[in-house]
Every structure is written in C-alpha cells, then in structure tokens.
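Now, the feature entries from TrEMBL:
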DOMAIN    10-177  domain 'L-fucose isomerase N-terminal-1'
DOMAIN    178-357  domain 'L-fucose isomerase N-terminal-2'
BINDING   Glu340, Asp364, His531  Mn(2+) binding site
ACT_SITE  Glu340  active site, proton acceptor
ACT_SITE  Asp364  active site, proton acceptor
DOMAIN    393-557  domain 'L-fucose isomerase C-terminal'
Amino acid sequence: MTNRLIGRLPKVGIRPVIDGRERGVRESLEEQTMNMAKAAQKLIEDNLRFPGGEKIECVIADTTIGGVAEAAMCADKFEKEGVGVSLTVTPCWCYGTEVMDASPLIPKAVWGFNGTERPGAVYLAAALAGYTQKGLPAFGIYGRDVQDAGDQSIPEDVKEKILRFVKSALAVAQMKGKTYLSLGYTSMGIAGSMVNPDFFQDYLGMRTEFVDMTEVKRRIDEEIYDKEEYEKALKWTRENCIEGEDNNNVLVRGDRERKDWEWEIVVKMTLIFRDLMIGNPKLKEAGFGEEALGRNAIAGGFQGQRQWTDYYPNGDFSETILNSSFDWNGIREAFVFATENDSLNAVPMLFGHLLTNTAQIFSDVRTYWSPDAVKRVTGKELTGLAKFGIIHLINSGSTTMDATAQQKDEQGNPVMKPFWDVTEEDVTRCMENTRFCPANKGYFRGGGYSSQFKTEGEMPVTMSRINLVKGQGPVLQIAEGYTVDLDEDIHKVLDKRTDPTWPTTWFVPKLTGKGAFKDVYSVMANWGANHGAISYGHIGADLITMASILRIPVCMHNVDEESIFRPSAWNAFGEDKEGADYRACDNFGPVYK
Ligand SMILES: C[C@H](O)[C@@H](O)[C@@H](O)C(=O)CO
Ligand SMILES: [Mn+2]
C-alpha cells in the first residue's frame, strides 16, 4: 500500500457454484458457470482500484462448487489467499446450504443468472433464505431481464450491483485490523473526539491507539524525524505555500522571526504526525527502531485545541497537507486525518476515501444562510443552485487543498481526483489558490497557519457523519448535494463575518421536499454534530451499502429508493426501508462483536 500500511490488501473471492449431479447435468454446466466467474473477475478488475493505486485481485475457486467438500476446499484457498470479499455466481440450481460460504466475517453476495433453461434465480432465492436463516446476511444480485443460456454478457443492472457490493465490501475489508490513531484526546469537549474503542472494535474491526501530544513535542525537541526530508519539506513549503494576510491585531501579531519559527514547527509536526501513523524506515537508520514502526493507522486525528494550541502552533497546516493528494514528495495518496481529533468525522472520511480513492474534506457545518438573511447582509439575491439557501462549510484552516476545485477533468470541469490522475498543473493551481494565514490568535495563542481558500466551482459532493447514540449505537447520516461558487461580492461579506483566515465551501443539499430534506434549513437542523465529512461525487448509495455491511443504520439520507442496495435479509424486517434498516442492524448486531 502506498501509505505503507501493514497487512495484505484484501482479495475478492469468486465462487462458481453448480448443480453437483454428475453424468449429464454438472458436465453441461461447467463451462458456463466458470465463464460467469471469469466475467465477474474481468468486470471487477477492469473497474475498481485501491486508494493506493494498486489493482484489485480476484481469486476464483479451483473448481466449481457442487457440494460441501468443494465449498470447504474453496474456503481453504480463500483463507490462504487473503480473500476479504465473497461473490458467489451461478447459472443453475445448486444445493443451497451445501455450497454456501459459511464464513461469518466476510461480506457476501450471490449473483444468480436470470435464465429459464436452468434455475439460477430460484437457487438464488433458496440460497438467500439459507443465509438469512443462519444469520449471515448476503446481497442478492439478479438481472431484471431474462437472458439466453449462452449469453455471456453481464447486464447493466447486474454490473452496477456487483460493483457497488464489491467496492463497499472491499472498503470494509481494508479497515479491518487497522488503527485509528488518537493524538491527544478530547478537543474542547467535542463528543466525537472522546474516541470510543468499543465502536471501532465492534463495528469496524479496528484498533484504537492513544498517543499523548507530548510525544509530538518530544520528537520535535529530540529531533526524531528524517532531517533530510525536513530540509526538503521546509524548502518546498517556503517556495510553494503562500503566506496569507495576518488578520490579528497588531498588538498580538508575531514578528518575522516568530513566524519563521512557526513555519519550522508546523512542517516538523506534519512529518511527526505521519510517522506516528505509518512509521518511517529512516528513523530506524537514525537509531529509533521503535519510532520507525508507526501504528499502522489508516486514519488519525490531532486534538490540538486547546492544550497544544494555547502553547504551540496549531495543526491546521499539517492537517491540510496530510489530507491533500500531494506534498513535498510529490503527488501521493491523501491521508485521512481529522481536525480536533473528531474520530466520528474521521470514520466517514475514511469511508469516503476508501469508496472513491480521493481526498476528503473535513469541515464544521457552520451556518445556514437563508436567501433572506443573505439579502439583508449583502443586498444581493442568491441565484442558481444556491437560490433556496446555502450551508457554510468551514473549519479552522485544516481542509484538503484538493477541495479548491482547481483540479480539472478533460472538459475543464472542476473535480477531485484519485492521486494517480492528479497532474502537476492541478497541484500548482491548488497551491496558487490557497493562502496560509497566520492563525487567529484569539483562538490559537500559539499561532500556526490556517489554510484559506474558497471552493471555486460546482461539484457533486456527499456530506456524511457518524454519531453515537447511547442505547442505540452508531448511526450514519448522508446528504448528497453540490458545492456552489457564490458571486465574489456575496462570498466576501459572508466569509468576512465568519473567519477570513479559513477555507470555505458553500454547500447546497439535494432537496426531496420531505423530512430532513424538506429545505436547506432542515438539513442543517437535522445534522447530528458540529462536523461533516465531504466526499467528491454522489456516493450516498455506496455509503448505504457499506453501512448495511457494518450494521450501522442510516438515520437520514436523500438517495433515490431504487439505488438502495442492502442484504436481502433486510426485506424480512418490513417494507418501510428506514425502519427495516434499524431493525435489521439491531437484530444482526455489529460484525466483530
Ligand atoms: C477555532 C475554533 O475553536 C474552531 O476550531 C471551532 O469553531 C470548531 O471548529 C469547533 O468544531
Ligand atoms: Mn471544528
């Protein structure tokens, strides 16, 4: 993995299951069944990638599976190969529970060919009944239109479901066994930064590691970082990061000497945060074997406020750099790193990163601006997508530079790309459109630099968030929408009354006219905490699928009902999808408990 995580990348295991009756039936089906497995493999390998850029690998069982012995041989192979996701395929009748995948920890789907010469779909129904009865929820995939027996193509609706399942299940498999690194603990009484090890362990299969912020200070003082990289990083920062206006009162402003020292500290903090997450072989060469190992962290967060920031430069610069798809070493996979150690925002950032392979935005969900309020303070009307009101996403200068909307696709549209598609020009534009302003000393006595920019373009995005509810457990909320580029004269007035040293994204959710999505105000009012994780693209349906694999119910979303894809067992909990989701998640409980 690019970000040097320990452990193999999970593979996708494909199980071609077959009618085991030899002397005619089985033989006539061997080729067609294996071909389905090969077609699924091609579809998956051609379309999906890991966030580190690696190709997805599929493993097909050595033989078709006609009964229990062959199912066991397949399970054995999958275990040796490190399979983390299971897809069973078949065109025909098979012996439901005899050929089933009985491993409780691996997400499962079954694709039954919709033909009529052989009963693939009726097997699917029998198989899913078995999975449900045994408490192993599985996704059922069954094309809408009947295909002829010889047809080896995969219909579009089946493709969509296979890819949605595999993408979500691989995201789940990648988190398992990895770490959330909590640097410091609770920031300003924010509940999400009271990192809950039971949630991580039971629902995500993850470890939580706690490191006191004094460790960062020790590494600064004892120079435990790669000094060569530090010189390179500082030079790059001086040459490429544009220092913004100092908005502090002249009486509290730092002089040039202090500011230069702060730059040095924030660069060191960035190296140290990263090394704490994933280790660094260079530290071993320098005699720090223990520090060289890191903590296998797939996500992390830094408390910062207040003990650290009252005394030392804040984490904004480091958080921005880590969350961006590039730094002094070039273009690379973005890290998932939460401001204020809000682990319940880090988790949806991690979901978004694993589902889209792109950098994630961390923001306060700060203000709902109604059209009337905007008119009152600016004298101007909101128009276009913004006309029913906007939500101000902004945090203390810690957001990924990928969110400047300066990365462009081939048509010149603003996008946020997986790092392997990010170009040098994209990086230059992101940097040119970002200022690093001396931090607001009222909040940050120790100074530091906050990234400041405006998301300058219309992009489809999805905001999400996990909240923990005592007695219920975790719930996920999802709002698909768009970033909007407000007229500069409206933006300036609204931004100035908030904090002109921070990065701003103007967000408009898609409205449905009902419930939490009745209007923009209701979305803001229904948001469960002060933060949101914002991911490029409309990924609500993928998040819903992923949440169901993890047994996390979704309490609010604006995704079309037709795109909701959950294990077939959810149908047994009633026709109202939201209520059924809660009941099913409660019934099956967290996967790793
Ligand atoms: C500087 C302030 O303390 C901010 O960090 C604060 O408004 C928040 O971001 C709260 O989440
Ligand atoms: Mn915040």
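A Cβ is built for glycine as well, from the same backbone N, Cα and C atoms used for every other residue.
Note that TrEMBL annotation is computational and uncurated.
Structure coloured by features recorded in TrEMBL.
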residue: Glu340; record: Mn(2+) binding site; DSSP class: coil
residue: Asp364; record: Mn(2+) binding site; DSSP class: strand
residue: His531; record: Mn(2+) binding site; DSSP class: strand
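Neighbour density for Glu340 (Mn(2+) binding site): within 10 A of its CB lie 27 other CB atoms from the protein chains shown. Other than the site residues Glu340, Asp364, His531, same-chain residues with C-beta atoms no more than 8 angstroms from the centre of those residues' C-beta atoms, the Mn(2+) site, are Ile190, Thr339, Asp342, Asn345, Phe362, Ser363, Asn395, Ala529, Asn530. Note: His531 (Mn(2+) binding site) has non-local neighbours Gly192, Glu340, Asp342, Leu344, Asn345, Phe362, Ser363, Asp364, Val365, Asn395, Arg465, i.e. same-chain residues 6+ apart with C-beta under 8 A of its own C-beta. Over the domain 'L-fucose isomerase N-terminal-2' (178-357), the average per-residue pLDDT in this prediction is 98.
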